[in-house]
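Report on one structure; see the data block that follows.
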């Protein structure tokens, strides 16, 4: 992004000394992705051979993570300083003589460090603190249980099946999970255990790919590296527990810039935009919808105000059509089922309004390093408003704030747009603008402000000062990232994993009995992927690829699964089991009236030795607009209903009921 038009570039200014051509850009993106994938995966595997203590009760892991973060940033910062020194000396502004060319070995080393530094940061912040546990951030708690269940499903089934219900296409975007399932198969890991390495590796790849992308956009390797590292730090602080969403968010600032170029007919930018929007739609639709709306707004502004032509709208149509084709890989089966008249009910994915969803974020007023960087970004966006690509960023900011406002407004209609999730995106945009603002000041603005006072020596000192301040600010912020994620890391150690163990070596919870339940079901001849189970033990479904008769909550349930109707059917069975359905045959007949594939297995909380207490199943109810928005209410089944045609077995606190057939 050159902040000037061609006629306004200061004499001798070189703002794009490292710009990649199209072929080099493609090679760099593919190369960065492959290198980051191998780099992160090998380091993750190596860390699994170490014996670091659990993160919570010991500071050893924190110290190792901080030292690694510092090493990554210092090495990258030093090589960047050398690169900027070379760039400064070769700048025709100074007319220096006998300038030595940059050594090829240092060029290669700087490229390697710059392209891999974001991946190394991901490893330092996540892989080191999680090295002694098999679980990822947040363990298996709350939303991570659903995500783990989906990855377990994708590792077991190469098709795009629903994470829970049998014989149903997925509603939740499957792209990230499907790829994670393939990595699980490659490594020979169960899906739940592959969640951690796939989250780390995929975010490392996305972070590293940002460097060549921004190098193409800005024409500067140091600026591209700075944006990638800042983006990685912010994502690791704000959204690392949801890796597929984090990956999409990383690319949003770049997509805003590309939207401006697409509107002008840049075919290379168009191809990149199609791939980004299409793939992002298979990863996380909320961010995709917001950035797609921004792209529409940018093209309309360019068509109506800048070019006064219909051409930008034609390019927009190509962008939309191409990305939709890619998106249909994931969304096609679900949309086809909906079009064919499949029943829908219980869709409440947008029924969530936390406190942060009631306020507009103003990151540039935060008293932090990132807040200061965002303030610099705000100043840059205001000062360089005449630049078309800066205007595109403003359009995106306006769209995201409007989305948040609409999300707050439509709460009156009993819904939201989950606007609070765009907080991260706004921080990324302003922080990215902050990096561009620093580069703009060093390369151009200072010479406009002080055209005669800035000598070659002064410019050198200014560059040195900026590098030192940026590096120290980055170190200060980045070394605190493991602590920012401390609660999520602690859950990865305190939750019981799929092998029935806690990584902190404390006694495991009730989930330690899941293996025994699975062994019992396998002994009975049940095939997990073909067996429908009624249970409120989400973690069991996260660790083993059984099919659920009911999803755990309506917020992640497939609308085609008719969550509300299933709840009513289950509760009716439970209530009537104490009356006319106490007879096993009548209970079986009533169960067979289910409009959906009936469960062959029930897993209850209760005791075989205390039949009068009943066997408990928790029904999940949507309480929106209240927060928390879910309530679990116990309904109890009469054990007498299972006296015949069913077998029962006590496994720890669970009663496992299996059909005789």
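Here the Cβ of each residue, glycine as well, is placed from N, Cα and C on the backbone.
Listed in Swiss-Prot:
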{"type": "TRANSMEM", "residues": "26-46", "note": "transmembrane segment"}
{"type": "TRANSMEM", "residues": "64-84", "note": "transmembrane segment"}
{"type": "TRANSMEM", "residues": "108-128", "note": "transmembrane segment"}
{"type": "TRANSMEM", "residues": "194-214", "note": "transmembrane segment"}
{"type": "TRANSMEM", "residues": "217-237", "note": "transmembrane segment"}
{"type": "TRANSMEM", "residues": "243-263", "note": "transmembrane segment"}
{"type": "TRANSMEM", "residues": "265-285", "note": "transmembrane segment"}
{"type": "TRANSMEM", "residues": "312-332", "note": "transmembrane segment"}
{"type": "TRANSMEM", "residues": "362-382", "note": "transmembrane segment"}
{"type": "TRANSMEM", "residues": "393-413", "note": "transmembrane segment"}
{"type": "TRANSMEM", "residues": "418-438", "note": "transmembrane segment"}
{"type": "TRANSMEM", "residues": "458-478", "note": "transmembrane segment"}
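Proximity of the transmembrane segment (108-128) to the transmembrane segment (312-332) is not established, fewer than 3 Cβ-Cβ distances being under 8 Å for residue pairs spaced 6 or more apart.
Listed as Cβ neighbours of the transmembrane segment (418-438) (distance under 8 Å, sequence separation of 6 or more from its ends, same chain) are residues 1, 3, 218, 223, 226-227, 230-231, 234-235, 238-239, 245, 249-250, 252-253, 256, 286-287, 290, 350, 352-354, 356-357, 361, 363-364, 370, 372-381, 390, 393, 396-397, 400-401, 403-408, 466, 470. Below 8 angstroms of C-beta separation, residues 22, 25, 173-176, 213, 242, 244-245, 247-248, 251, 255, 258-259, 291-292, 295, 311, 315, 318-319, 322-327, 329-331 of the same chain, each at least six residues beyond the ends of the transmembrane segment (265-285), sit close to that stretch. For the transmembrane segment (64-84), the neighbouring stretch richest in Cβ pairs under 8 Å, chosen from 194-214, 217-237, 362-382, 393-413, 458-478, is 458-478. Most Cβ pairs within less than 8 Å of the transmembrane segment (217-237), among stretches 243-263, 312-332, 362-382, 393-413, belong to 243-263. Counting Cβ pairs under 8 Å that are 6 or more residues apart, the transmembrane segment (458-478) and the transmembrane segment (362-382) reach 3 or more and are in contact. Beyond the transmembrane segment (362-382), the same-chain residues lying 6 or more positions past its ends with a Cβ under 8 Å from any Cβ of the stretch are 230, 233-234, 237, 390, 393-394, 397, 426-427, 429-438, 440, 473-474, 476-477. Listed by sequence, the residues of this chain that lie at least six past the ends of the transmembrane segment (312-332) yet keep a Cβ under 8 A from its Cβ atoms are 160, 170, 173-175, 178, 262-265, 270, 273-279, 281-282, 288, 292, 295-296, 299-300, 302-303.
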